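Data block below; observations after.
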Amino acid sequence: MERVDMLTIKHASDADWPEIIELDARAFALPSPLPRDEITEFRAKVPDEATYLIRDVGTVPGSSTIVAFSLYYDLPLTVPGGAVVDAAALSWVSVSATHRRRGMLRRMIDAQYADWRARGHPLAILTASEGTIYERFGFGPAAFAHRVHIAPAASTFRSPAPPDSHVRYGTPDEVAAHVPVVHARWAAARNGAIGRPAPWWPSLLADRSFRRNSQTSGLHYLLHPDGYAAYRIDARDRTALIEDFVAVTPQAHDDLWRVLTSLDLISSVHASIPVDDALPHLLTDARAVGVVDRPDTLWVSILDVAAALELRTYSDDGTLVLEVGDDYSDRAGRYRLQVVDGRASVTPTDDAPNASMDIAVLSSLYLGGIAAREFAEARRIDVDSPASLTRLARLFDVEHAPFAGTFF
């Protein structure tokens, strides 16, 4: 594809993958590389043309070593209003410790960015292992979660349990038939949710042994007609670790949590839940749900400003001129955002801006996970008047906080 100095940028081939897996294990401090079965299932999720690697073909005479790698998936992302967007999901980004500060990441993202634009992706997304890397490319944190530790002994529900909650443990066949269908229903309706294409499910449902240690159990699945929960037990401290939780209806949410907070001999339940989850308010003691962390779970980069802004809906009507800065690519400009009946039309304009921000800030606003006033108070949004800030905040407000639900 491209050669710069002694560095060759190319797509991965079959012969490259053993070395890629070794690089990945070193870069992410894994105790061992991914096992062969997992690699085979993983490669079914991503075509070789969506992979990018850099080989050093000459630093050491006669050698050829992979020193950087990244890839992207095509993943469905639900945005405010319910539209499902085909997002480019950047993942597996790694640079060898021997080749830092040499522009490897930029070279790979430059190539991927051109690919994303050519394929018509309006958005790119990622889950970031570090919080200072991706803003330079126009990414901003856009969705968050509450990591909670729940005390079952204090988890008394305000309302009595229904006579039949419809929650039961599922067999492997029942899980395989039920879980993907219910997840698709949930993801289509939840702001910020990432859908899981069919090739993702074999690995997720297989529950490979490398995903747990010698002291944790395999996954137990609780099934409800409108939801499910998957958890494992850590025998060292009698903790239930919730790995996947989906509820399409409030009743399914409540029924599943009643079971999870009443597991025998369990001292604590650990989970990641939406920041606006109703669980604490269902209990007589909201402190039973202790928030221990609030990590960002999804970063967004708007690739096509007009297309992306027109895909979502808005909570108010009105018109704003947005000035967008972009030091990385060509997204800078002034855009007239006109919203009627919750739907937007976006056009370039030379009019004076009502609000100015860089593309990373606009990307953070996109799903409604951060309020415009927070950025304004941090002096990352400039407005021409308090009324413009109020209008901006109302437009981008959402009914439910974004929740991704899938790590990639």
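Every residue, even glycine, has its Cβ placed from backbone N, Cα and C.
According to TrEMBL, the feature domain 'N-acetyltransferase' maps to 7-174. According to TrEMBL, the feature acetyl-CoA binding site maps to Val93, Ser94, Val95, Arg101, Arg102, Gly103, Met104, Leu105, Arg106, Ser129, Glu130. The active site, proton donor annotation in TrEMBL covers Tyr134. Per TrEMBL, active site, proton acceptor is recorded for Phe408.
The binding-site residues in question are Arg102, Arg106, and the one with the fewest Cβ neighbours inside 10 Å is Arg106. For the active-site residues given as Tyr134, Phe408, the lowest number of other CB atoms within 10 Å of the residue's CB is seen at Phe408.
Distance between Cα atoms for Val93 (acetyl-CoA binding site) and Phe408 (active site, proton acceptor): 11 Å, as a whole number. Arg106 (acetyl-CoA binding site) sits 21 Å from the residue listed as 'active site, proton acceptor', taking the Cα positions as reference.
Cα of Phe408 (active site, proton acceptor) to Cα of Glu130 (acetyl-CoA binding site): a span of 14 Å. Within the same chain, the residues at least 6 positions away from Met104 (acetyl-CoA binding site) whose Cβ sits under 8 Å from its Cβ are Leu7, Ile54, Val67, Ala68, Val95, listed in sequence order. In the three-state DSSP classification, Val93 (acetyl-CoA binding site) falls within a strand.
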